């Protein structure tokens, strides 16, 4: 009805022109153009000022590459995998299945940060479309084991409804290591190789799972490489992904324990987030100083970074908290 009214309005515009002076005519036509843009379902102006879902909106890969390389420290493997995955998904006009990535690593290594960078860059206009980015916290949204059957139904309805409204929806599941067993399997049908399910196409959706489970395995392999005098950059990404798949499937503390998502190979990428070394924590401190508006203080950067390197007890090579507490430490030190 709105579009019909707009069309009638614009048809009548020429008949109104003689009654207006040139300046009024210009203002009138500009207003009509703005009104038309706002009434059109996927106009550039409406998408700039309001939240809308536009199938043409795609991730700006050069921008996200710059953000990842400038803001995420010590995670060359994760950045490499994420960029490759997003590129393949975005350049396919009709992906055969949703993009599904599972991030694994210790707390503070950048899993949540990378997912937020993806969310912020999901649309070309660089305006976060919060209506189409859905974050599930296990502790907050699925707290009671006795309600798993209800959660399954709610989760299916939520995903179905949101993908129907916007095919390019992003779903982020944090604290997967605390997810009740079997709950995540309820979304298995949506992640497979299907053109549509009940008239809904899921191929453009993106699912991210954030896991502490598997972090010990990643650290174990990285530490073994260091002890054998091998370069961190040479860690075998294929081997790490395979080990993470096996680890999370067999780990009872994992939300993917005996999961159909792994059995049916529906998780496209298991993304390892490596433990952070001293040099990486230094960069986190430096960035936090910048964010808080303080000048770089090399002595303070060294002091905070050294205090956070605590694992293992003998070598003290990694920060067991990653960069998790950097912000509070900087605040207390200034």
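Cβ atoms here come from the backbone N, Cα and C positions, even for glycine.
Unlike curated records, TrEMBL annotations are generated automatically.
Annotated in TrEMBL:
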type    : residues                               : note
BINDING : 105, 106, 107, 108, 109, 110, 111, 112 : ATP binding site
DOMAIN  : 276-330                                : domain 'Torsin-1A C-terminal'
SIGNAL  : 1-18                                   : signal peptide
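Least crowded of the binding-site residues (105, 108, 110), judged by neighbouring Cβ atoms within 10 Å of its own Cβ: 108.
Broken down by DSSP into helix, strand and coil, the domain 'Torsin-1A C-terminal' (276-330) contains 30 helix, 5 strand, 20 coil.
Along the domain 'Torsin-1A C-terminal' (276-330), the predicted structure has mean pLDDT 97. Taking the mean position of the Cβ atoms of 105, 106, 107, 108, 109, 110, 111, 112 as the ATP site, the remaining same-chain residues with a Cβ inside 8 Å of that point are 103, 113, 212, 215, 273, 322, 324.
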